[in-house]
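As structure tokens, the structure follows; a few thoughts come after it.
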Amino acid sequence: MKITAARVIITCPGRNFVTLKIETDQGVYGIGDATLNGRELSVVAYLQEHVAPCLIGMDPRRIEDIWQYVYRGAYWRRGPVTMRAIAAVDMALWDIKAKMAGMPLYQLLGGRSRDGIMVYGHANGSDIAETVEAVGHYIDMGYKAIRAQTGVPGIKDAYGVGRGKLYYEPADASLPSVTGWDTRKALNYVPKLFEELRKTYGFDHHLLHDGHHRYTPQEAANLGKMLEPYQLFWLEDCTPAENQEAFRLVRQHTVTPLAVGEIFNTIWDAKDLIQNQLIDYIRATVVGAGGLTHLRRIADLASLYQVRTGCHGATDLSPVTMGCALHFDTWVPNFGIQEYMRHTEETDAVFPHDYWFEKGELFVGETPGHGVDIDEELAAKYPYKPAYLPVARLEDGTMWNW
């Protein structure tokens, strides 16, 4: 069995997605996601110029060997562009292997560890009252876990506050938009949101919050401490993870569970945080961390230290990544939760899939492979559109972490 083609497909049914389709001499094909939000064409170039030509003639069943080839063979390893290209190849190969075996991907990974996948949705509003109402909307839809983000008085375009009730897409056309940030204002306001949420809905639902790398270690510890009475499922990305020792300070001052890792690319990014038990959830993704082959290694390491998975699942990941993540979630023993932001109807049409939502959980189907395909004819009707993620500045104009 040989790979005969590896084609890159770019489409924008509401936002940009990069898809790799690997074809074989036996007529079986697989698809993988290579989307890097706001930097999509960098991965396209890497795939087309440096990866796809090398795959022709290889045996697609040799998943591990091909993973090592595209990782070690490049010499310039790691990084978001390289690892997303590797992830796309890896997803497509697992898709092919599961199709050849005639079984859904989770069976090939080791079978079910659970029936349904608990997911969390994104509720947001321009102020506390609007966010409380939005959380109620998600509860009415059956969600058991909801991330809550609110606009903060005096902060321009606070993170996580979208233009609609169900869809949040921060990437803008043209050049990056400028948002604001003021830690003092956020620390004074965010705890009030969760106080009101618990007062309104009680403690029967899981609540989550994303700091999005905005806080210093001391500020993050302060926020975690203030949120303790409201029993959050987790506080995500409370401080930039490049400074991993910072999580030791946060850990020493709060028992609010900590989650990090959506921007991690390899096990080396997560190793110290996991082994030192400085986090509770690892949020590395199938597309960001080099595919299922490498994400399994991260999860296996995490399981030794009682760290659970909580894969990133925003709309910057295509349904291909979501499908792979759900098969991974169905298998992985140390599963925690799965982020789930609904895609647009146009995106769902371009990427037909067999997973579905019911009563706060996602379920995978029994289709051989990862259960997600791409309608190339429809995809061609949505050409690429340049879009950048925003940037953030403090009130005095200083650049900050978006």
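Each Cβ is built from the backbone N, Cα and C atoms, and glycine gets one as well.
Swiss-Prot names His122, Glu262, Arg283, His312, Asp316, Glu339 as substrate ligands; from the candidate set Asn37, Asn188, the record adds Asn37 to that same site. Swiss-Prot annotates Glu236, Glu262 as Mg(2+)-binding residues; of Asp204, Asp210, Asp272, Asp280, the candidate listed for that same site is Asp210. In sequence order, His212, Arg283 are the recorded positions from His122, His212, Arg283, Glu339 with a C-alpha within 10 Å of the C-alpha of Glu236 (Mg(2+) binding site). Other residues of the chain with a Cβ within 8 Å of the Cβ centroid of Asn37, His122, Glu262, Arg283, His312, Asp316, Glu339, the substrate site, are Thr285, Gly313, Ala314, Leu317, Met341. Each of Gly211, His212, Asp237, Ala259, Val260, Arg283, His312 belongs to the same chain as Asp210, Glu236, Glu262, is absent from that list, and has a C-beta within 8 angstroms of the C-beta centroid marking the Mg(2+) site.
Of all the recorded positions in the record (Tyr159, Asp210, His212), the one with the smallest CA separation from Glu339 (substrate binding site) is Asp210. Here the CA atom of His312 (substrate binding site) lies 16 Å from the CA atom of Tyr159 (active site, proton donor/acceptor). According to DSSP, Glu236 (Mg(2+) binding site) sits within a strand segment.
A Cα-Cα distance of 15 Å separates Asp316 (substrate binding site) from His212 (active site, proton donor/acceptor).
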